[in-house]
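Below is one structure. I have some questions about it.
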Amino acid sequence: MRRPIWTALAGFLLLAGCAGGEAASDGQGRPDYGEIKSMVKDILQTEDGKKAIQETIKNDAVKQELLFNQEEIKRAVVQALTSEQGKKTLRTTLEEPKWAATVAKAMQKENERLLRALMKDPEYQAMLLDVMKGPDFEKMLLDLMKSPPYRKQMQQAIQDAFESPLMQEKLYAMIEKAVESALKPGQKEKGGEKEKGGEKSEEGGEGGGK
């Protein structure tokens, strides 16, 4: 089934080429490739055409050719991106907000997975700590903490935390413990004074009896 279809296509294209040559020799211009393309598409959309394409794709030689082409495409993309012109073009493209947002959304899950893996890497952790210890990073954090938007955000976060019922319960418990701790030394002193007073009264009673 596959051979008749491809034979018919080859014959059709050959006849179309001959017709195009005759048309060109008659001074009528180039052959009508749009019409040829439409006819070829019609042939490929038939059941026989679809089956022929499927059988061709299943062929091992065709698969190897497709894989080879994919490797060539990858190699070409890498060469294009690593060249100076490619880097410049990529930087310019990344500066476009819409394109950058599209790329970020498309790679969000992959970036998150990569970041999680890096956070578990001791070498990456050490490098991150070195960066955070640097004076430039410290200055950046201080500048950020001094900025009005950051302060406003922190104030809002603190306010939200204090309004939380769980936070309020913890605060009350801490206050109660602090009050109890403050009162205990006073109670001990008072208790000690009472004991001393009792001893004195007992001593006075004994002296009077004598």
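Yeah, the Cβs are placed from backbone N, Cα and C, and that goes for glycine too.
The signal peptide annotation in TrEMBL covers 1-23. If you look up TrEMBL, you'll see 67-179 marked as domain 'Spore germination GerD central core'. Per TrEMBL, the feature region 'Disordered' maps to 182-210. Here TrEMBL flags 186-210 as compositional bias 'Basic and acidic residues'.
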Average the pLDDT scores across the domain 'Spore germination GerD central core' (67-179) and report the rounded value.
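That region's mean pLDDT is 82.
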Would you mind splitting the domain 'Spore germination GerD central core' (67-179) into helix, strand and coil residue counts from DSSP?
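Reading the DSSP string over the domain 'Spore germination GerD central core' (67-179) gives 104 helix, 0 strand, 9 coil.
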